[in-house]
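*Asks:* Residues or ranges marked as substrate binding site in Swiss-Prot (evidence: sequence analysis): 77, 216, 217, 218, 267, 382, 383, 384. Sequence annotations record features per position, and here Swiss-Prot assigns Mn(2+) binding site to 225, 245, 294. What Swiss-Prot records for 268, 269, 270, 271, 272, 273, 384, 415, 516, 517, 518, 519 is GTP binding site. Among the features that Swiss-Prot reports, active site is placed at 269, with the record citing sequence analysis.
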């Protein structure tokens with residue numbers, strides 16, 4: 001039997017007993033209690049270099065940075081192997097995979113039995129959110145992956161201080177992770193152990209996370225999507241707050257007025273770029289600061305305003321496409337102390353990925369560790385960087401404020417070649433919830449004259465809501481109603497809700513809107529709408545700006561181009577709104593009546609108003 005040997009700084013009997021229980025099940029060779037120290041981090045990195053899991057990069061160009069290459073079968077989140085095992089199938093809903101918790105526990109017990117043999121079990125204590133914040137929550141991850149242990153040090157507040165907050169009886173979310181590759185005595189390990197069979201399992205009622213078979217990011221760093229979205233969304237519903245797949249940014253105008261915005265976009269729609277936006281020419285004196293690029297926990301304050309924290313402490317970003325043009329702040333963040341995964345590497349130890357430079361360097365080693373062949377991808381399309389958020393030059397001064405930052409507006413957006421205009425403001429909270437609930441994004445780049453397939457991704461939460469999506473919509477509606485009363489009593493108001501679409505195309509299939517830094521022009525209008533000083537035109541689908549309502553200083557974007565990305569076509573909108581029925585039917589009887597009514601009213605308005 002493995003000795004638990006909890007260090008003195010762990011004073012939580014229930015936690016120690018749980019570690020012992022999991023050790024008896026998984027049978028690791030030894031247990032290591034992580035303290036989050038620099039010494040521990042370096043020791044684990046050196047261990048992985050010796051094992052061939054990681055390689056040291058050129059320390060002149062990439063100080064303190066390392067590269068891991070995963071097994072080619074273990075490169076992304078596995079949505080089809082991700083389960084919400086609520087007691088009642090209906091509570092998971094039609095958009096989640098469900099299995100009876102008793103059946104799943106039996107299955108997992110079999111898989112986890114002896115799964116850590118020959119390996120070290122790391123006890124990784126972490127806080128999602130600033131330590132001690134009333135918005136934060138603590139998790140403990142037991143993992144046999146040193147890659148997970150070092151990555152969690154960047155992605156969360158990880159280490160000894162967590163135990164001080166936890167004390168002798170504090171609450172924590174138990175997270176168990178194994179790569180599912182036990183080692184027999186004398187068996188040589190592989191560089192990236194994993195198992196073809198994978199399970200990412202959440203038990204919402206008992207707030208547990210069990211992950212088997214994958215060493216990759218979102219499947220293995222259990223504080224991220226598993227705790228911060230799937231389990232936290234369940235907690236938020238019960239406790240009256242929101243856990244959202246949103247970036248948070250701060251905008252300050254030249255007069256010193258500051259607003260915080262939370263925005264939800266599906267994957268590959270530019271969340272990180274938007275969170276770190278640099279204002280373009282014509283916006284001298286404006287400042288954009290980053291609170292978070294992926295997840296927001298939002299709680300109502302006593303004053304009826306909604307306050308958000310970024311529960312993470314790092315960025316786990318997609319590398320391909322990132323460069324000094326698309327995201328200079330992100331590139332500056334990567335100047336040191338980065339863990340790269342599945343990028344390519346040059347013969348002198350520098351990283352490379354598609355989009356980093358026009359020229360492909362000679363003598364490149366691809367993400368599979370083989371010489372790069374022209375015409376093939378050198379970096380995996382989902383290659384990642386893991387880096388501490390504090391290194392970001394645009395990080396907001398209040399990004400770790402335990403009280404959170406007050407949100408003025410929510411923005412929702414997807415990738416649409418037509419139909420949806422550049423920006424529109426919802427008529428009210430219910431209308432905004434309807435628009436977010438039905439937002440769609442094209443899964444394929446639309447060819448000329450051919451629409452991509454629109455995948456409904458409600459609130460950009462389709463893979464991340466830990467309970468029935470219809471109940472999730474209901475929670476948003478109820479929260480709005482509750483907070484609205486409180487806000488009015490304090491002279492405040494609910495955040496406004498906006499929809500954006502940076503991805504409209506012209507007849508030739510080209511993007512019309514330049515995007516990136518130019519999105520600032522839309523952001524300024526949004527803020528001015530929040531302050532009640534910008535004009536808008538009422539249309540059947542919301543309030544939209546005219547060409548004259550936006551600031552065009554420093555650019556030559558024409559009225560004709562603007563009309564191309566803001567025009568609204570009656571037939572397209574009728575088709576669009578009717579297509580929402582498919583999602584609503586899938587969600588069944590639990591769908592809030594208010595959303596069906598909104599659909600009928602919107603359809604009527606579109607048919608008669610254009």
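Cβ atoms are placed via backbone N, Cα and C, with glycine included.
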*Asks:* In Å, rounded, how far does the Cα of residue 245 (Mn(2+) binding site) sit from the Cα of residue 516 (GTP binding site)?
*Replies:* 20
*Asks:* Among 218, 382, 383, 516, these being the binding-site residues, pick the one whose CA is nearest to that of the residue listed as 'active site'.
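*Replies:* Of all the candidates listed, 516 is nearest in space.
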*Asks:* Excluding 77, 216, 217, 218, 267, 382, 383, 384, which residues of the same chain place their Cβ within 8 Å of the centroid of the Cβ atoms of the recorded substrate site?
*Replies:* 75, 76, 316, 318, 341
*Asks:* Can you tell me the CA-to-CA distance separating residue 225 (Mn(2+) binding site) and residue 518 (GTP binding site), as a whole number of Å?
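*Replies:* Each residue's Cα considered, residue 225 (Mn(2+) binding site) and residue 518 (GTP binding site) end up 30 Å apart.
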*Asks:* Measure from the CA atom of residue 383 (substrate binding site) to the CA atom of residue 270 (GTP binding site) and give the result in Å, rounded to a whole number.
*Replies:* 15
*Asks:* Out of 268, 269, 383, which has the highest number of nearby Cβ atoms, where nearby means within 10 Å of its Cβ, if these are the recorded positions?
*Replies:* 383
*Asks:* Can you give me the residues near the recorded Mn(2+) site, meaning same chain, not 225, 245, 294 themselves, Cβ no more than 8 Å from the center of the site's Cβ atoms?
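*Replies:* Output for this site, in sequence order: 224, 228, 229, 295, 464.
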*Asks:* Would you pick out, from the binding-site residues 77, 384, the residue whose Cβ has the largest number of other Cβ atoms within 10 Å?
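*Replies:* Max Cβ neighbours within 10 Å, all protein chains included: 384.
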*Asks:* Judged by the number of other CB atoms within 10 angstroms, which among 267, 382, 518 is the least packed of the binding-site residues?
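*Replies:* Result for the binding-site residues 267, 382, 518: minimum number of other Cβ atoms within 10 Å at 267.
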*Asks:* What Cα-Cα separation, expressed in whole Å, is found between residue 218 (substrate binding site) and residue 516 (GTP binding site)?
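*Replies:* About 26 Å separate the Cα atoms of these two residues.
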*Asks:* Taking the Cβ of residue 217 (substrate binding site) as reference, which residues of that chain separated by at least 6 in sequence fall under 8 Å from it?
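*Replies:* Spatial neighbours, sequence-distant, of residue 217 (substrate binding site): 77, 151, 224, 316, 341, 384, 386.
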*Asks:* Near residue 294 (Mn(2+) binding site), how many other Cβ atoms are within 10 Å of its Cβ?
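*Replies:* Around the Cβ of residue 294 (Mn(2+) binding site), 24 other Cβ atoms lie within 10 Å.
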*Asks:* Give the helix, strand or coil assignment DSSP yields for residue 268 (GTP binding site).
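*Replies:* SS state of residue 268 (GTP binding site) = coil.
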*Asks:* Using a 10 Å cut-off on CB atoms, tell me which of the binding-site residues 216, 516 is the least crowded.
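*Replies:* Checked 216, 516; of these binding-site residues, fewest Cβ neighbours within 10 Å: 516.
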*Asks:* Across all the protein chains here, work out how many other Cβ atoms are within 10 Å of the Cβ of residue 218 (substrate binding site).
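*Replies:* If we count other Cβ atoms within 10 Å of residue 218 (substrate binding site), we arrive at 23.
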*Asks:* Give the number of CB atoms, excluding that of residue 270 (GTP binding site) itself, located within 10 Å of its CB.
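*Replies:* If we count other Cβ atoms within 10 Å of residue 270 (GTP binding site), we arrive at 21.
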